Amino acid sequence: MIVFPAIDLMNGVCVRLRRGRADDETVFSSDPVATARHWQEQGGRWLHVVDLDGAFSGQPVNAPLIRSICDALDIPVQLGGGIRDAATAKAYLEAGVERLIIGTIALEEPDAYAALCAEFPGRIGVSLDAEGGKLKTKGWVADSGLTVDEVLPRLLEAGTAFIIYTDIDRDGMQTGVNLPALEHLAKASTVPVIAAGGVATLEDVKALYPLSRTTNLQGAVSGRAIYEGTLDLRTAMDWIRQQEKAEAC
């Protein structure tokens, strides 16, 4: 199991939003590259980056900064936000991003999404962002009217390599994860699932860990909690390693 430290980029700085609202932001760092290095030094095995400007505008905005982050790290980076065509995807992968997270076009343009998965096999994942059981698109401001169960078979058939599942109601709220919804998805999925939204404490990590042993849950993204100190990344990763080591004995 992996805890993915998150960097959300807006106007060139690291921010966290509450429930994805652009008007409810907290700036945590004015130096995203230094922040990325910090999370690597704290034991991060992956870095989760979101270009919020890109998500809201529908096109890449922070590409030079994202390249600088990739260049500064030895760990892989997964990126989402504003990736809505093959040219953008190719540019980010060539810039050093290991895998890409697609949201809007996966739901609104299924043929284009399937083509992306075919062109970059194993490197394209989908972001399923749910509020009240319905999936959102366009930076969480548009309602698709679809549910996870309705889209999952098509996404898997298209060649999705991994899934990020966000409970928007819990994102940035530090209220714990939606375990029933997450377990349902992780059991139904044939590819790795990563939880996002609500991971606030080590107890939340401990609650998720059993699912990583019995389902396709790969890990969880943590943002506000690791910035505000309610979850210590190194402590969480050490705890996970101890559990995995004990099970291997």
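Cβ coordinates are placed from backbone N, Cα and C, and glycine is handled just like the others.
Database features (Swiss-Prot):
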- ASP8: active site, proton acceptor (ACT_SITE)
- ASP129: active site, proton donor (ACT_SITE)
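On the backbone, the CA of ASP129 (active site, proton donor) and the CA of ASP8 (active site, proton acceptor) stand 16 Å apart. Its Cβ placed at the centre, the residue listed as 'active site, proton donor' has 26 other Cβ atoms within 10 Å. Around the Cβ of ASP8 (active site, proton acceptor), a 10 Å sphere holds 25 further Cβ atoms from the protein chains shown.
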